[in-house]
Each structure stands twice: as C-alpha cells, then as structure tokens.
Amino acid sequence: MPIPVKPDNSVVTTCAYCGVGCGFKAETHEGRVVRMVPWKEGKANHGHSCVKGRFAFDYYAHPDRIRTPMIRASIDEPWQEVDWPTAFAHAASELHRLQDTYGRGSVGAVSSSRCTNEEIFLMQKFARVALRNNNIDNCSRICHSPTQFGLSATLGAGAASQHFDSVLQADVVLVVGANPTEGHPVFGSMMKRAVRRGAKLLVIDPRRTETVDSPHCRAEVHLALRPGTNVLVLNSVAHVVVTERLYDEEFVRARCDWDDFQLWMGLVGDERYSPEVVGPEAGLDPEDIRRLARIYASGPKSTIYYGLGVTEHSQGSTGVMCLGNLTMACGMVGREGVGVNPLRGQGNVQGGSCLGSWPHMLTGYRFVTDPEVRGSFEAEWRIELDSEPGLRLPNMFDAATAGTFKGIYIQGEDPVQSDPNRHHVEAALRSMECVIVQDLYLSETAKFAHVFLPGSSSLEKDGTFTNAERRVSMVRQVVEPLGGLADWQITVGLMNAMGYECHYDHPSEILDEIARTSPAYSGMSFEKIEKLGSVQWPCNTDAPEGTEVLHTVQFPRGKGSFMLTQYVPTRERTDDQYPLLLTTGRILSQYNVGTQTRRTANLAWHDEDVLEISAGDAAARGLATGDRARISSRYGSTELTVRISERVNPGIVYTTFHFAHTMVNNLTSNLDDWATNCPEYKVTAVDVVKAAAHAGVGS
Amino acid sequence: MSTTNPAPAGTAGTAGTAGKQVWTELRGLREGVDLGTPPRDGEPVTLTIDGVETTVPAGSSVLLAATVAGATVPKLCATDTLECFGSCRVCLVEIEGRRGYPASCTTPVESGMTVRTGGERLTALRRGVVELYLSDYPASDIEGGWSEFHTTLEQVGLTDGLPADHPYRGGDHHQHLAVDESNPYFLFDPAKCIVCSRCVRACQEIQGTFALTISGRGFGSKVAASQDESFLASECVSCGACVQACPSDALIEKSLFPGGYHRADSGQA
Amino acid sequence: MSFIDTERLVTMANQIGDFFAPYPHARRVEGVRNHLRNYWDPRMREAFFEYLDATGGPDVHEHVKEAAALVRADTAPVRAYAGPPKQLDATS
C-alpha cells in the first residue's frame, strides 16, 4: 500500500544553499533525513522553497563523504587514515615547521561560507591567534568582496539595505547582473509576485535571462549591455538622472555629503556618459538608457537587486558604488520598498563577510591597522595581534608561485575549481609544503592536500547563518557529524594543537564571543534568535530585536558619500584571435561548483555545462545545437556542448560553471577588481571552434 | 472570552505601505496552524463564532476567524498560503441572517456577524461532500494515511472510508491513469487527486511559474503540467510548492516511499 | 626574488590609481595612500617600493608613486577608513 513513511522527528533549520537562507523543517525517520519541508515562519521564504533546498539534501549521506582524517607526506603518495589527534598533531607540527623555516607570514587560512558564523569566526581567530598573522580570507573574495567595499564606501554598510519581502512594496524593481529566478529562486518568486502586483521590472544584464521574460513577468526595459560595460552604462543612467534633474535634491542635501555630490554630478554629467555616446559602445539604444533612468528615478519606491554580474569585473567595486550613488541621488534608500541589495551566492557568505574573515579587517568591517579595534580583541583573546594587513587569497597564491608562501588551511572551499586561472591556482598549491583541506568530499583542491579533515554538513551541527538580507537564523543539528566532529570542533582541535588553548562547550558560546567583540552583533545570542525566529543585524542596544531596513535616519558614518566612478575599460578585449566575449552564470538546479548538487538527482535537469551562442556566430563557425566546441581564451581552453540561443547577443557566448570536468575556469583571466582582487569572471575574450569528435576535455 | 489574531511580527520601521500589505501578511503565517486563508493586515473586525467573540483584521475570511476562535472547520481546497478558491464545499458554515450554508473561506468577515460552525445539519452536508471525494479515492490508502485529506476524513467521521453498502461504492475512479514518476523527487498519482487546484494555484501564486493547469472538464478534469507533458519535461522547476500544497498525497515526495511507489490493486473506497 | 611578481603588483597599484584619478590631486594621492597602507600586506608594499627604487617606476602612475612615498614616510599616521579619500591638510 503506498502509504508514505511518517517522519518521527522534525528540526527547524536553515538551508545551506544560496544566500536567500530559507527556513526548513528537516524531517527524519529512524535517524535519517527523509524530507526537507519549507518552514512557514521562515522570514526569508514564508513557506516556499526551490529544488535545491527542498529536495537536493541527499548529498550529505553520499558514499563520497570522507569520514576519517587522512594525512600523507606528499601529494603523490596514497592517503593514510589516522585518528583525529594524530591529524591535528601532524597538521600543527607542519604549520609550525613552515613558520620556523619561512617566517610567520608564510602560512594562511581560508574560511567557508558554507560553514556557520561561529565556524567562520573561529577560522579568523585561528589565523590571528594560532598562526599569529592576518593571512585569512573568505570566498566572498571571488564573489561579493566588491559589495562590501563599494557599499561601505557609499552608504557605509557593506550589506543589503532591506529585507527580502520589502520587494513586495516596491513600485520599480531594478535587477542588475543577476538572474534571481535561477540563482536565488525563492526571492525570484517573491520578485515576480511583486511584478504581478504591478511593480515595473527593469533589467541590466548582457543575457536575456529567465528573469527578463517569464509568464506574467516581463521587463519594462532590458539593457542587454556588452559584458564589461557596467560602469559605463550605470554612469550613463546617472547622467540622465543628473542632466534631466531627476535627482532628489532634498534627500541629497539632508542625508549626503553635498560637496562630493557636486563632484559626482560633474563626472557623470560629462558628455562622455550621455546615452547617445555610451549606447553604441555598450551595444544599447540610447533611448532605452533614458527610459530606464526615468522609470527608476520616478519610483516612487524603486529598489535595486544585483548579483555577480556587477561584482565580478575589474571595476566590480566601482560598479557597486555606481548603484550606491544612484540610490542616494534618487532618494531611494532608507525606507520600505527601496534600497540596494546584493543577491549573495552562498548560504552564509554575508556571515563570511561580517565575521572578520578578511586579511585587513576584523569583525564588523573594522581595520586591523586600527589599534583601538585590535585592542578590544587582544583583551578578549589575551594575545598580541599582528598590526599589519595579511594576504588575500589570490595574493597567497601569487606569493606561493613566487616561493614565499608555503602552507594553507582551507575550510570547505574548492579554489582549484572555483577560483580564476586554474593553472595558476594548481601551480600555487603544488608549490606549498602543507595544504590542509577540510571538506565533505575529496574535492579538486584535495588532490593537492597533505592533510584531509572530514568536515560536517549543515545538517550535522548547531550554529547560525547570516543570509543576504543580514538575517541571522539558526542552523540546528539534525544528525550526528559523519566524521565524528563538527567543523567548529575541528578548528578548535587544530587551534589547541597549535598551542593556543581554547575550549567551547557549544557554538552558542562562540556567538557570545562574537557579540562581545562585534558591535553589529552585540545584542545577539542563541536564546534571542530562538525566541524571535531570526534577527537582522545590526542588533544592539539601539535595536534590541534587530534592524529590518538600514539607513532610515542616517548612514552609519553620518552623511552618505558619492564616490567618483570613472569608467576604466577592462584590459580583457576581443581581437581577431579572440573575437567573442564569454560571460558566466548559474542555473537553477545546480549550485556553484556543484560539489553538493552534482551528487544529487538534480542532474536530471542539468548534467553538463553548455555553451550558449547566437545563431549568427554559430553559423559562421559551422556549429549546430548539440555539437561539441572548443573554447579558447588567452589563458586556456576547454570543450563544451553548444546550444544556439536567443538569450545571447551576437558576439557574446555564455556558460555555467557547475561541473569540474568542464573546467570553465581554465578560460578565465587573471584580471581582477582594482579594490578587492575579485576575479573578472564575467568577461573573457574567447574563440569558439567546432571540436573534433570525441576529443579530450581540458587543456 | 475573546481571542485575537496574532499581529504580524517585525513590522517596525515600516512606512507608506498603503495598498501593498502582503509582506506583513506573509509574516502572519504560523507553523502548525492553517488559518485556511491568508492572514490579512486590516483594521480589527469583531464577530461571534460559536458564541466566542473574535477579533480579526478586515479582509479576513470567516474560515480564518473560526480558526482563530478555536473552531475546527473541515476544509480541502483552502489553505492559508493561497488565496481562497471556494471549490470543495467542505468548509460550509451558518451565518445568522443569511440563507443557506456559505463557504467560510470565500466569505469575508463583517462586524457583528454571528457564525455557527457545527451542528447536525452542517455535519451531514460536509460528510455528503467528502463522501463524493472518497468515492474516487483508493480504498487501500485510507488506513494509516496522515495527509490533510485524512485529517478531514477524521473531522467528518469517515475515518474508515465509505461503508460497504454505500451507494457511491463501485463508481467511476481515476486508477487507470498512470502515476507520473518522471520528476526525480516527487510523483503525481492522479488516483489520489481531488482536483482542488491547490497545486495549480501554488504554482501560480507562490512560485510564479504557471506550469500547471487543470485540463478537461467535470469528472475528466485533471492536473496537467504544461501541455499535458510529464512533470520533468514540462516547465515545472521542481520548487516543491505544489507538493507542499497538495492535501491528498497525490503530489508527494518520493523519499517517503523507501521501497518505491507501488499502487495497491484494490478498487476505490 | 620578489615576494610577489612585480608586474602583478604594478598592475594592482595602477588599477587603484585609475580609480582615484578623477579626484582633485591631493585627494587622489590620499585615496591611493589609504588603500596601500590598509589593504596591502606590508611585504607586497615592500616589494613594490623596491621595484620603484630599482626602476623609478616608469610604468607606474605619478600619483601612485606620490602615494607610495607617503606610505613609506608614514609620518602622520591617519586612521584607516573606508569611503571617499579624505581632504588632508598637511600631507599634500
């Protein structure tokens, strides 16, 4: 009889996939997760879900999971299984040896945005108190580090100004370089609901994404700009706002630095940013730029949501500043239904940003070079801290290839697959003497590891996640850690083995430590989050239950600052040899580098990365849908199956990056954001030729 | 005695929300409680339900008010994550001064209304309606079931299905229609579908994909994905909203059937 | 051997210089100074300075070189900050 198994237990927790951070009930039967059911009280999802969080949870019990620590003397040797104390002692002695031989700054660590706030906080603490340096970074380096930089510079807080359901109050929704129906589906549904209720949708994206046109949800204006021209086009939008006097002078005078506003008006008001000049260069109809600017400025409530299409450029931080400037100029910040909001990729990447996992900043975005800030941590941790900024992850790799960086502790990241210029990353890892990888599976990066520490999935531990709307939600243990230890316990074990004594009975004590040292989290505790369901930071004495909308009275530093956002074209250009521009994105059913989703039945929808190409470009190369093509850039090449698509303009090709074997990051350049080194994933000059049948993949 | 609908939490710092209140309404949803229709965020309205004075926001349904008042009104097509639809005719009530038995889900509250949610006549009417649904539901899937449909059976006193001598027994059913197991995560068994349209509405209202429709008419009506394709081949994005909304196990997670999904041979209830 | 490939450092420094270029001269220099001082590992700065000493930095923007000189002098420590380059009285 087909009577369904009735779950015997249910635990409310937070989805570990994207930055929407949906609340779920993890239902178990006899100790095994049998389904994930969206939690009606989840403030990010209100009982809704997507295919990943709702169904693709079986990765946690996949046979590929490693359950025992392993070590080896060189990466050419087989792994040797050891117990936890042996693994800790070995890793610690190697790190000490490297520091004794090559200097204190020759080793570093990277935290994971798939781990909890408490675990990320511990990782940066590990670098600072156990490695005694500031060589600590997090994966937002390669995605939203420009958000933190650009929004801090303009509005004073490097995070979303709104809560997700604020979009339901918007009259105009501007989506820039994001595809929420695929990348952030539950928010995408909310946004579509707003559009069905009458909000106007504006999209700036090189590709005619699913967001641009879907049933009962169609963009009023879509600027399909040439990849790499974001700043140019956003300055042109600003040009229209300034020259047609669409700005909100009252707001700017009251809330912003007027002198810098004048400077900014001078820059963007210049003729070189007029739509008539910009249009041809960006591949746009000037009138569309004007229409978009007018609709945005007229609101009355206009909100911006943006993604990696803004940040992953050599001017990524500048692009974010353009958005910050625009919201301030039009007075579209500081109330419901307006604002500027990054759509963050990983479940806890906002937490990764907030919790001091940066080489130059401690928690709450405070500089390590500031003696007062350091002092507060030195008092808490009873140890003197390095007063100079450490290395960013790309710079760790740069230094490694130069022979000056020798060891790294990587928690739950797979830079070989996710970071730009794979050859460079592999060479860097190969040159290191001790690579410690803490992960669920033997990742691509683990191939270069000397120590493997089996990590725990978010179903296996307690903690908190901070989603893209600054909402801190509980992650609760549903099943025992498969490797025996939760990630936070692993870091604590390693810290003690390194000689820094520390002990926590429960992750709640780590959040208490975060609250003691971090102003935006000062009012947080497990108890409070349990009571309220979730809390948006800042949560402090002024806002004991958290803050839904930022900047309502003033900006964190007082006046908002208009930044000068001059357009500097990327050095990555097309030429006769590489005439097409490749840009990258995501698909609904797969998640990031696919480590989890590739181990689920989500393969039913998407079992390979496909190259989208316009009909004309395909015909010129004798390509038809289904053909294999070789894609070559100045940095490498790979093979993909071709799909002729109306979603991309002539001259543009597009693919996703979910599958390791397609090695899309073979192709990407070593160019990166001027402020943060966030890689320029969104623009690579390539050529595409028909591949010989059954040719190998890779380069 | 007096009860009030819990005010939507976390509304601090709101401004200028006139006419677009749905976000605060979404926050009125509570786990483990089905208000029957979506929470509303209007001015307070006081009415009497089964002798209990109850205050709920204007725009709320009588069904919602009854739930807040602690009454149990059986229902099938209504749920608080979807706008009311009024197709199942199970949530009937009596309202003083009105003729007949209006569906409580589609009737908005009015100040001073006096509502009765129980009594012999209502019970008989509801049972009659549910018997019709039951006549088309696989008999072997009644006992041990724990879906919303099974709860409704309990509420109207039909836990054991249709009696052996019931005139509806032996009627037409949908068991000749194949189970759609194309989606890797959930299946659709048309034999258990009561055509309440909750899945169709969830796909539209919550997910916004519009992949599902009801095709055909009358007894031949059935849920169809896109142009009558399999769920996998259709525009369905597998968000799970339809599975979540289904009250009768017709759309259900495969993970709840560890040994696979095998229909029983027996006929309808 | 340099701590990090000097070509890479020059590219990074010039990119920072490009961003601050539209500001009036003193703020343009200050923006680059604040960035190099508070975002760069000191070993990267040292390697960059060594390169400037060795070559004069023909491929480095003038205002970046001015900023580098200020970082090296480090005479009037300014507290690290995010946001627009400050208008400093004494340093320029």
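Using the three backbone atoms N, Cα and C, a Cβ is placed for every residue, glycine included.
Quick look at what TrEMBL lists:
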- B:1-19: compositional bias 'Low complexity' (COMPBIAS)
- B:43-121: domain '2Fe-2S ferredoxin-type' (DOMAIN)
- B:184-215: domain '4Fe-4S ferredoxin-type' (DOMAIN)
- B:227-256: domain '4Fe-4S ferredoxin-type' (DOMAIN)
- B:1-20: region 'Disordered' (REGION)
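Outside the domain '4Fe-4S ferredoxin-type' (B:227-256), and at least 6 residues removed from its termini, the chain residues within Cβ reach (under 8 Å) are 76, 79, 81-82, 137, 141, 145, 147-149, 152, 180-194, 196, 198-203, 206-207, 209-212, 215. Per DSSP, the secondary structure of the domain '4Fe-4S ferredoxin-type' (B:227-256) breaks down as 8 helix, 4 strand, 18 coil. For the domain '4Fe-4S ferredoxin-type' (B:184-215), the DSSP-based tally of helix, strand and coil residues reads 13 helix, 7 strand, 12 coil. Helix, strand and coil counts from DSSP across the domain '2Fe-2S ferredoxin-type' (B:43-121) read 9 helix, 21 strand, 49 coil.
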